[in-house]
Amino acid sequence: MKVIIGLGNPGKKYEDTRHNAGFMAIDKISDKWGIPVTQNKFRALVGEGRIEGEKVLLVKPQTYMNLSGESVAEVLKFYKLIPDDLVVIYDDLDLPTGHLRLREKGSAGGHNGIKSMIQHLGTQEFKRIKVGISRPEPGRSVSDYVLNTFPVAERADIQEAVSLAADACAMWTRESFLKVMNHFNSLKK
């Protein structure tokens, strides 16, 4: 089984915010592959299904971003899986809005959700799909920025990125992550 985790904050008020790019990607996968993400387990909304024949578990932690690792660790423990069985999709301030970057491992890079995952999984070695949200203009607080919605001018870019993230996850069900990474990291915007 492959586990696809999207990071975000629960609740209507955070629904279309920059920090919820991971949740947006899970919603896209859910819609595209007909996998409802409605079960409340592991302090998360989860959905089990198949993508191209491979069993997958879609996960949207409901712990708020900074505690995401607690929920993810519960999922892995219950299913007796290891970090190599998962990919996490999340927002990245250091990428232009709408760009993707896939990595096999790495540091938290200042992202509190990833910091929590590293802490609770005990490793930095898990796959990532970063969705670019750009940095705020000088003088604007980062926390205010990530908790606001995308302006109209950026919505098409973010929807395209979320769609590509969903495609990357589907490809991962049948190919090595290295191959997926090489393909999607080479796409030009």
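From the backbone N, Cα and C atoms, a Cβ is placed for every residue, glycine too.
Residues or ranges marked as active site, proton acceptor by Swiss-Prot on the basis of sequence analysis: HIS19. Here Swiss-Prot flags TYR14, TYR64, ASN66, ASN112 as tRNA binding site. Feature annotation from Swiss-Prot assigns site 'Discriminates between blocked and unblocked aminoacyl-tRNA' to ASN9. Per Swiss-Prot, the feature site 'Stabilizes the basic form of H active site to accept a proton' maps to ASP91; the stated evidence is sequence analysis.
Least crowded of the recorded positions (ASN9, ASN66, ASN112), judged by neighbouring Cβ atoms within 10 Å of its own Cβ: ASN66. Non-local neighbourhood of HIS19 (active site, proton acceptor): LEU7, GLY8, ASN9, MET65, ASP91, ILE133, VAL146, LEU147, each in the same chain, at least six residues away, with C-beta under 8 Å from its C-beta. Proximity of TYR14 (tRNA binding site) to non-local residues of its own chain (separation of 6 or more, Cβ distance below 8 Å) is seen for GLY8, ASN20, LEU147, given in sequence order. The DSSP secondary structure for ASN9 (site 'Discriminates between blocked and unblocked aminoacyl-tRNA') is coil. Taken residue by residue with DSSP, HIS19 (active site, proton acceptor) is part of a helix. Under 8 Å, Cβ to Cβ, and six or more positions away along its own chain, TYR64 (tRNA binding site) finds ASN9, PRO10.
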